């Protein structure tokens, strides 16, 4: 059966551990696994489709596919018939006959679901409006490197709780058995359905979920502090108003002082210093942001290898 990765919970706890452990191995030995190379490996091309602009996602997938022995085929916005002159379902049926895997950075989660439903090759969510599961694999890999493990750690996210990063922190974090806290204004908290899914997964793993409007409560004693931009793509006209709303949720020195003394700081980038995160924090000694950015490469390589070898 073809395996896809559309949302963080598409990997169960054991599978998530397998992918992260493989990522650590690939970080030490980049060419350890090459599922797209060699005799009998099948197709070598991976379609990487971008409906949204990207730096880290584009570079990490392109480099990772090459290191896995494959060839990345980058398809930018407006460079195909996808979604306007040809249906998603028909596009999937064509691509599956030509490529080994489909990676898609897009807007609507439902589009990814339709692509996967009509594809016999793995489909990977490289970001949607609802989830950013590849980023969370990189984040968990980074935490595991610096903390030695994941289970039982407290991970706090401050800021816009209604965005894709908050959703993925909830789902990926509890899958790893972590205690996940989201601090956000009342009108910007995660959707109830996502919280419900996270609670269900937490019941399996011993993790927990706290959603609050109190950033001090959320930051207190945390092992990991994370944030994301307050102004996502398409929200540029709201920059001033959103900056005022989210100001109490900034990841600054005061927030960091409330966390555990050895807490690490995450930000998926791009970062806006002086807004969601202080320069002294992102550029300070507790920041692991640059390891986090690099780990997109290793985590996604592990994910692609894991999916292809099981599909």
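Don't overthink the numbers, they just go from 1 along the chain as shown.
In case you wondered, yes, glycine gets a Cβ from its N, Cα and C as well.
According to Swiss-Prot, the feature carbamoyl phosphate binding site maps to 54, 55, 56, 57, 81, 105, 132, 133, 134, 135, 268, 269, 296. Long-range Cβ neighbours of residue 134 (carbamoyl phosphate binding site) (same chain, at least 6 residues apart, Cβ-Cβ under 8 Å): 5, 57, 124, 125, 126, 127, 296, 299, 300, 303.
According to Swiss-Prot, the L-ornithine binding site annotation covers 164, 228, 232, 233. Classification of residue 228 (L-ornithine binding site) by DSSP places it in coil, neither helical nor stranded. Cβ neighbours within 10 Å of residue 228 (L-ornithine binding site), excluding its own Cβ and spanning all shown chains: 25.
Listed in sequence order, the binding-site residues from 164, 228, 232 having a Cα within 10 Å of the Cα of residue 268 (carbamoyl phosphate binding site) are 228. Comparing C-alpha positions, residue 164 (L-ornithine binding site) sits nearest to 132 among the binding-site residues 54, 56, 81, 132. Reduced to three states, the DSSP call for residue 81 (carbamoyl phosphate binding site) is coil. Taking the Cα of residue 228 (L-ornithine binding site) as the reference point, the closest of the binding-site residues 54, 56, 81, 132 is 132. Comparing residue 54 (carbamoyl phosphate binding site) with residue 232 (L-ornithine binding site), their Cα atoms are 13 Å apart once rounded. Put simply, residue 232 (L-ornithine binding site) is 13 Å from residue 132 (carbamoyl phosphate binding site) when counted between their Cα atoms.
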